[in-house]
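Student: Would you mind keeping the following structure in view while I ask a few things?
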Amino acid sequence: MHIRQPIVAVLGHVDSGKTSLLDRIRGTGVQGREAGGITQHIGASFLPTETIKEMCGPLYKKLEQSENKVPGLLVIDTPGHEVFTNLRSRGGSAADIAILVVDVNRGFQPQTNESLKILQSRKVPFVVALNKCDQISGWRKSETKFISQAIKEQDASIQADLDQKVYDVVGTLSILGYKSEAFYRVEDFKSEIAIVPISARSGVGIPELLSVLVGLTQQYLQKRLNQDEKEPRGIILEVKDEVGLGQTANVILIDGIIKKENSIVVAKRDGVIVTKPKALLLPKPLDEMRDPRDKFKPVPQVEAAAGFKIASPDLEGVLPGSTLYVASNDEEIAKYTELIESEMKSVFVDTETNGVILKCDTIGSLEAIMEMLKRSQVPVAKADIGPVTRRDVIEAKAIKEKDRHLGVVLAFNVKMLEDAQDESETSHIKLFENKVIYSLIDNYNAWVEEDSANEEDAMFAELTPISKFSFMKGMVFRNNNPAVFGVRVDVGNLKHKIPFMNMKGHKVGYIHQLQLDKKTVSTAKTGDEVACSVKDVTIGRQIFEEEVYYTFPPSHEAKQILKKFMHKLSSEEQEVFNDIVRIQREIEPVYGY
Ligand code: GDP
């Protein structure tokens, strides 16, 4: 059996100490250079066995007896769930095991929960690093790097305090369905999650953390790590333009060997790219780097697990998070092209069914959110990568007419184009934006719940309000682009972003903005005198001083008002609404039906 090194990812809440932990692991490795040190990869660092052995000291003895010794650990350099979600692989993860960092004094925080949910959905085993032990009040500094020893050196009250903090985590994890225990009390590593108290700052506990990681992977991940008969494949982490190299992709090779003469098969948004790499690159060791711009060293081949760079002008548009296949003949190219096409089909969603519209920044976040929406039983009509466009909002609008709770846009880490923003305001399409995956879904679910509770009021509030208002004589502030003029609200409430008509029933345009006493307001009430701006009209052409206007609900809204909401209008509003319907029916007999 040829076992490769496991790929390790670090996750956890902001400020829990993920970066410090990675620095500490790498730093200790660098200091242990004589024993093998660490090798820098692209996006990852490799700790060979000798280094781990030196760091773990006597703890390594037991690990050495395993028949399936792993040749070290490949630790992904960028912590956090953003990179982790892109480390995807056939519905699972390219990471073999993860370290979930928890701040000992803060316990579980929002992103700890989010990380856990992602680990769960990708079925990645993990170890909890209970970090910042040195910050437990009263903690005594000691020389040892072994946490088991350091705990013994603490006062009894501090030991009890740490125990309590460990049990808090055990409690939280048990609510979430996991059995866990401090690593020194774990009896069965397969069914219990090990909690290792550490300090990324002092380095205490790192030996235990590493030995638990190595022990777990040697015992339970042999099949995954065994390289016999594995097809070479990797995952694209990032695509970027590199000075002097042009388009490059950072890749983690999960299995097998890639040679420079092989073809690679990768996905872009609208198809498959087949290309031969111009170069396979690894970082140059520091002592070989004379010019800092000359960071990479071309190599003829790379063996898994490894982080490396591919340079090729054809890589433009390749999707981060997509699988990279390695082909040595036409038959394999055809096979992998088909595989990628079907993979992409299962990731992107575009259906005619009712569901939410989801836009994400990467294929990894898209997949993770889809999975969670599925668990929350929220159907998805469309899921894609890229900014929120006007078309997305219009699609949501059509869905909303059939199901008001599904006609929404969920956006994860993407921009909203300006015309999409306008459209969502005028059409009352809810947009949920969040950079924390589970908050995005929680906020949506909370809104659905709240909105269902007072659905009638919520529906009425979204309709074009019924109002009558007049253009005040002499109140012309600007003729056009946009036209700005003073109006008095005669009946009802006037709002911005709503359509209005003249007495003949012709639609004039949309009220763009309202200003009361020079302050922008969204609503003006009966009797208010406000400045009103309207785009695409000119005073003296489409609109005139002293004219009287009505707000103009579209036909389907008029129908809802007639059927369900007349009782919500005041008698004056009812009168105005009856006028609107009468005038419109002279032009369009089916208005409001
Ligand atoms: P990240 O956001 O999870 O990557 O967290 P960082 O590694 O940037 O750490 C956040 C802050 O906590 C920094 O100020 C670190 O110096 C500090 N920190 C991290 N680990 C420890 C630790 O073990 N002990 C103490 N006292 N501080 C720590």
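One-based numbering along the chain as shown.
Yeah, the Cβs are placed from backbone N, Cα and C, and that goes for glycine too.
Automated prediction, rather than curation, is the source of TrEMBL annotations.
Annotated domain 'Tr-type G' per TrEMBL: 3-221, in sequence order. According to TrEMBL, the feature GTP binding site maps to ASP77, THR78, PRO79, GLY80, HIS81.
Tell me about the surroundings of these features in the structure.
Tutor: In the three-state DSSP reading, THR78 (GTP binding site) counts as coil.
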Student: Report the residues of the chain - excluding ASP77, THR78, PRO79, GLY80, HIS81 - with C-beta within 8 Å of the mean position of the site's C-beta atoms, for the recorded GTP site, in sequence order.
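Tutor: The answer, listed by sequence position, is ALA9, VAL10, LEU11, LYS18, ILE76, GLU82, VAL83, PHE84.
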Student: Including all protein chains shown, what's the count of other C-beta atoms within 10 A of the C-beta of GLY80 (GTP binding site)?
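Tutor: Counting Cβ neighbours of GLY80 (GTP binding site) within 10 Å gives 19.
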Student: Relative to the Cβ of ASP77 (GTP binding site), which residues of the same chain, six or more apart in sequence, are found under 8 Å away?
Tutor: LEU22, GLY43, ALA44, SER45, GLY307
